[in-house]
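As recorded in Swiss-Prot:
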BINDING   25, 26, 27, 28, 29, 30  ATP binding site
C-alpha cells in the first residue's frame, strides 16, 4: 500500500460515488497529484474535476493553461479555468489577495459541481517551510499547524494527500510517468523568505537527517493533538456572551486557570471569534486591570471579564434621534425595534411609559441621573456599576427618553415610576 492510498484509508475518506475537485497549477506537484488520482479513482472521468486559476502575474502563465488542457484531455477529465483580472491586482499584499481570490474561485466551482472534496498538492517540503516560517515570524505553535492534512472549505472537505511526500519523490514520480510540468520561474529567486528557506536552509537540514519530512509530519500531528486538547479544555468552560460591543463572561467561570492558561484562553477566544492571532502575556484574574494588545482590550470589572475589539467600536453620536414605534432603527452599529407587540427576535429589555408614537433614543451622557421608584434621583454611573458595565461600554447601551427623562437604559435601567395608564414597550435587537 502506497503513502497515497494509505492517506485515504487512515483518514476514512470515502471514495465511492464521491466527487473530487483538484486545485492544479501545472507545476510538478499538482501534475503528480492529478496522475495519482486518475490511477486511484474508480471512475475519474465522472469523479474528478480539475480547477485552474491563471493569476496573470507572469507573462508566460498561459503556458500552464495550455499544459493542463493537453493533460486533462489526454486523461479524459474535466478542466475548469478562470483568470484573475489584472485590474483586481492590489498594489501590495498580492500573495494574500491571490490566495483569497483562488479559494473563492475553488469554492464556487465546488458548489457548481457539488464536489465532496477539494485536494491541493501541498507536500512535505511545504510543511517544513511552513513550520520554519511561523517559527521565524511568530513562534506560535498553533500557527505551525496551519497546513493540516484534512480540513474544510465551505461544504467541501479539504484534503492534502501529498504532505508525507518530499519534493524529490514527486519529481521522481513525474519522471517515471513521463509527465510534463511547468516550473514557476519565480520559485528560483531569493526575493521571498520562503524561497530563501527552500534554497538555503532546508537543504542543510536534509543533510542532517533523511527523515526531515517524516519528522515535520510527526511535529505537525503532535501540535494538532495538543491544540485539540487545549480547545477541548477551553470549550468545556462556560462560553462568554455577546454583550454590547464586547464578549462578556464571569470571572468565576475561568477561576481555575493559572496566569499562563488564562492568557492562552483569551488568545483562543479572539481567534475563535475574530480569526486574529493575539498573544497576551500572563493574565492575573485577581487584578481589576486593563490589558491592551494591538486592537484588543481585555478588562476585568466587578465579577465579569470583557473582551473588546476596538476596531468594532463605532463613533459615538451624542445627539438623540426620534424613532417611530414599530419601525427598526440603528444605534451604534446595531438594529433595534421598539414595539408594544411580542416578536420572535431577541428581547433586549422592556419598560413602561406613556403611550406615544415616537420616542427619543441615543447614548446616555456622563453625569446623567435616573429616577427611582421613590421619586429620588440616583447617579447613572451607580446603576452601571451595579450591573457590572465598565466605563468603556456605557455609551453603547441604548437609552430611551420620554419628556426629557430616561425611561430605559439597556441592561441597566427601566422606568420605576408607577402609573396605571402606562403601557409596556418591548425593545428588540436584530442581529
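We number each residue from 1, going along the chain as drawn.
Cβ from N, Cα, C; glycine included.
Keep in mind that what you see is a predicted model, and the values were worked out from it rather than measured.
Positions of Swiss-Prot features highlighted on the structure.
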| residue | record | contacts (Cβ under 8 Å, 6+ apart) |
| --- | --- | --- |
| 25 | ATP binding site | 52, 64, 121, 184 |
| 26 | ATP binding site | 52, 63, 64, 65, 67, 68, 181, 182 |
| 27 | ATP binding site | 64, 121, 181, 182, 183, 184 |
| 28 | ATP binding site | 167, 170, 171, 174, 179, 181, 183 |
| 29 | ATP binding site | 121, 122, 123, 162, 167, 170 |
| 30 | ATP binding site | 22, 23, 24, 120, 121 |
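Apart from the site residues 25, 26, 27, 28, 29, 30, the chain places the Cβ of 24, 31, 32, 121, 181, 182 no farther than 8 Å from the centroid of the site's Cβ atoms, the recorded ATP location. Residue 29 (ATP binding site) falls within a helix when secondary structure is assigned with DSSP.
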